[in-house]
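Input: a single structure, listed below in structure tokens.
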Amino acid sequence: MTNHQDFPVPHTSRQLAPLSGSFSLPGGAALVLFSGGQDSATCLAWALSAFQHVETVGFSYGQRHAVEMDCRATLRRQIADLVPRGAERLGDDHVIDLPALGKLSETALTRDAEIKLGKNGLPNTFVPGRNLIFLTFAAALAFRRNARTIITGVCETDYSGYPDCRDDAIKAMQVALNIGMDQRFVLQAPLMWLDKARTWKLAELIGGPALVETIRRDSHSCYHGDRGEGSEHDWGYGCGHCPACELRAEGWHRYQASKS
Ligand SMILES: [Zn+2]
């Protein structure tokens, strides 16, 4: 595998136009890919602690866990209130409809099928190239919104094995998007080298126990969308047995163990 340090640095023949209008504040503007799950919720908090203006984007593509999308608005506001200066830094939310992605992907996320590991070792929840598509749409939006930094919660440390969550894929996308759009976007994946326990720790460092509790209670990662009666666990809501719930539960328990 190519070491991430060996990847070419993106270059363009032109400098990025200076940030203008309401986005001319020092620190610049960032666009966070925000699904309403634990990882993107932590990324939003991280972005609000680091950037002067933060907007969010979500994608609706007929995913079975649409409940994740329903959590977004409440969670966005709660996170902003718990990060110093977060409320004044939080800008617009954007939702992009991608029904074609749902139609293309014959997977468990979009069809009523059992979630299990496929022969290739990936859960059948895998939507091929999903993150690459999301990043491309996010970059097109960032271009229009004059945001230079695009933040994604992908991670290759403690993850389900999706190849487009890997650092090399993100680095390659940064190069491709910058060449293809003649920009100097910076794609940031602050969770890339954190396991799920350290992702909880990061939330604690940014917003204390209140932010951890908000993310635990109001973010949603379960593939089945379980948030009903009997679906609350110490680590949050979910079915408790899909790959996303298992990852989240293990991370939560390691985080709790690290505190004692
Ligand atoms: Zn689940």
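Glycine is treated like the rest: Cβ placed from N, Cα and C.
Remember, it's a predicted structure, so these values are computed and weren't measured experimentally.
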* Structure fact -> In TrEMBL, Zn(2+) binding by CYS239, CYS242, CYS245 extends, among CYS165, CYS222, to CYS222
* Structure fact -> Comparing the Cα of CYS242 (Zn(2+) binding site) with the Cα atoms of the binding-site residues GLY36, GLN38, SER40, THR42, LEU44, the shortest distance belongs to GLN38
* Asked: Those binding-site residues, PHE34, GLY36, GLN38, SER40, THR42, LEU44: which ones have a Cβ sitting under 6 Å from ligand 1?
  -> none
* Any further residue of that chain within 8 Å (Cβ to the Cβ centroid of CYS222, CYS239, CYS242, CYS245) of the recorded Zn(2+) site -> SER221, TYR223, HIS224, ASP226, GLY238, GLY240, HIS241, PRO243, ALA244, GLU246
* Neighbour count (Cβ, 10 Å) for GLN38 (ATP binding site) -> 26
* Three-state secondary structure, THR42 (ATP binding site) (per DSSP) -> helix
* **Per-residue Cβ crowding (10 Å cut-off), top of binding-site residues LEU44, CYS239, CYS242, CYS245** => LEU44
